[in-house]
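> Sharing a structure here in structure tokens format.
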Amino acid sequence: MVLVLDFGSQYTRLIARRLRELRAFSLILPGDAPLEEVLKHRPQALILSGGPRSVFDPDAPRPDPRLFSSGLPLLGICYGMQLLAQELGGRVERAGRAEYGKALLTRHEGPLFRGLEGEVQVWMSHQDAVTAPPPGWRVVAETEENPVAAIASPDGRAYGVQFHPEVAHTPKGMQILENFLELAGVKRDWTPEHVLEELLREVRERAGKDRVLLAVSGGVDSSTLALLLAKAGVDHLAVFVDHGLLRLGEREEVEGALRALGVNLLVVDAKERFLKALKGVEDPEEKRKIIGREFVAAFSQVARERGPFRFLAQGTLYPDVIESAGGHGAAKIKSHHNVGGLPEDLEFELLEPFRLLFKDEVRELALLLGLPDTLRLRHPFPGPGLAVRVLGEVTEERLEILRRADDIFTSLLREWGLYEKVAQALAVLTPVRSVGVAGDERKYGYVLALRAVTTEDFMTADWARLPLEFLDEAARRITRRVPEIGRVVYDLTSKPPATIEWE
């Protein structure tokens with residue numbers, strides 16, 4: 001396995017994901033993790049991430065210096081390379097000007113660049129620069145702007161690269177990372193089949209004959225977890241709370257798919273309860289609080305009536321764990337708890353089999369477990385459901401309008417082969433009414449916003465460049481089939497500054 005030491009780079013998670021794509025298990029630790037903690041994980045190699053700081057800052061994050069004499073293979077990326085060079089006696093200088101964007105390696109040599117020929121495009125993002133390698137080290141790559149773009153240790157077990165091999169803008173970056181894994185002798189058995197085998201063993205050993213309670217939303221994480229519990233043969237109850245805020249046909253689709261695959265599923269019809277609690281509420285934060293409160297009440301009632309349960313299973317993913325732990329260069333984002341706010345008298349032990357997995361790895365497991373593509377490849381859907389896509393007060397009438405429009409948009413994306421090319425797509429019903437023409441008469445109808453984004457990690461996202469012909473057909477079909485909607489607009493805002501959801 002490979003440990004990635006995090007010094008605050010926006011790409012740290014991407015490094016870990018890229019390694020797993022190469023079938024090498026990886027974990028992220030804080031950059032200043034002591035040697036004892038590092039060795040506890042028995043890594044076969046270490047990667048020092050980039051970071052936003054300068055190695056000249058007095059309070060810049062630094063690794064335990066004992067790591068450099070540990071004998072472990074090392075790869076320093078950007079800031080990580082500068083730390084490596086500075087610690088081992090090389091020279092790092094404040095660059096005359098920052099180097100950001102695409103660059104070309106005009107020279108590269110050695111096993112780290114095996115299989116690469118000619119000039120190689122890479123992505124730079126640094127201010128300081130290594131101007132001389134440590135004693136005995138060699139310069140193994142350069143660009144026109146940077147004569148020290150990569151360095152190698154005398155024994156060939158440690159390297160530094162000034163660029164970012166993990167990003168898409170370094171097209172041959174995966175080859176460079178793979179070369180490093182081979183040089184380090186890293187075991188590469190992190191396959192979906194191996195992961196599934198390990199998770200089944202873990203769940204069976206942990207749960208034993210005790211009962212497990214799970215809340216399912218119809219999303220890929222909780223649905224896959226329900227299938228895992230069923231395949232493991234543990235005594236479980238999966239609870240699907242229908243809060244009346246679902247998309248068109250969603251309850252029937254989720255219920256049918258999970259029951260067919262052997263999940264012990266209980267569906268709770270709580271539509272009236274939720275809509276009554278939301279009556280007259282327009283503030284988005286208040287809506288979220290009410291929905292959370294009502295969900296907890298419905299879930300708690302099931303737990304008491306059908307209990308006792310020893311474990312509460314959650315589809316917590318590795319990014320949730322990372323965000324909860326915090327790290328260098330970023331404040332702690334949140335304390336993660338998927339089913340937060342449960343009463344204290346409901347005493348559960350948490351069972352989180354996916355706590356070390358990324359979303360794409362869960363999708364791979366879902367494929368092995370037989371989850372239908374309609375659920376496996378489904379776009380993310382917020383816990384509060386359509387309540388945060390109906391701006392203003394949530395009513396059954398407005399929900400029904402949005403359901404029909406959203407279904408048309410999603411169906412069209414599938415028809416055009418675009419659904420799997422965007423990371424998330426949604427329709428938002430605004431409280432704005434716009435004047436239009438129906439026949440010979442003026443008519444006021446709702447303004448509907450369509451949104452689609454592309455992203456790798458949902459931390460940042462770009463608006464999807466859908467064909468104008470597609471958007472034209474979507475607007476025509478929606479206004480024709482949903483007469484309550486008089487105007488359709490398309491959201492061209494990226495994240496940041498906007499969030500993906502409107503509320």
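Please read every residue number as a count from 1 along the shown chain.
Keep in mind that glycine also has a Cβ here, set from the backbone N, Cα and C atoms.
Per Swiss-Prot, domain 'Glutamine amidotransferase type-1' is recorded for 1-189. Look at Swiss-Prot and you will find Cys78 tagged as active site, nucleophile, backed by sequence analysis. Annotated active site per Swiss-Prot: His164, Glu166, in sequence order. Residues annotated as domain 'GMPS ATP-PPase' in Swiss-Prot: 190-378. Summarising the annotation, Swiss-Prot assigns ATP binding site to Ser217, Gly218, Gly219, Val220, Asp221, Ser222, Ser223 and lists sequence analysis as the type of evidence.
Relative to the rest of the structure, where do these features sit?
Proximity of Cys78 (active site, nucleophile) to non-local residues of its own chain (separation of 6 or more, Cβ distance below 8 Å) is seen for Ser9, Ser49, Gly50, Gly51, Ser125, His126, Val161, Gln162, Phe163, His164, given in sequence order. Annotation note: Cys78 (active site, nucleophile) sits in a coil segment as assigned by DSSP.
Under the three-state DSSP scheme, His164 (active site) falls in the coil class.
Around Glu166 (active site), taking its Cβ as the centre, 26 other Cβ atoms fall within 10 Å, counting all chains.
Close to Ser217 (ATP binding site) in the fold, though at least 6 residues off in sequence, lie Ser223, Phe240, Phe381, Gly383, each with a CB less than 8 Å from its CB.
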> Sorry to bug you, but what's the C-alpha spacing from Glu166 (active site) to Asp221 (ATP binding site), rounded to the closest Å?
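Counting only the Cα atoms, the answer is 25 Å.
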> Within 8 Å of the centroid of the Cβ atoms of Ser217, Gly218, Gly219, Val220, Asp221, Ser222, Ser223, which other residues of that chain place their own Cβ, given that this set defines the recorded ATP site?
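Everything else in range on the chain: Val216, Thr224, Leu225, Gly315, Leu375, Arg378.
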> Fill in the CA-CA distance, Gly218 (ATP binding site) to Glu166 (active site), as an integer in Å.
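So the alpha carbons of Gly218 (ATP binding site) and Glu166 (active site) sit roughly 32 Å from each other.
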> Sequence gap of 6 or more, C-beta under 8 Å: which same-chain residues meet both conditions with respect to Ser222 (ATP binding site)?
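Expected: Leu214, Ala215, Val216, Ala238, Gly315.
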> Do you know offhand how many angstrom separate Val220 (ATP binding site) and Glu166 (active site) by C-alpha?
26
> Rounded to an integer, what is the Cα-Cα distance in Å between Gly219 (ATP binding site) and Glu166 (active site)?
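Pair distance, Cα basis, whole Å: 28 Å.
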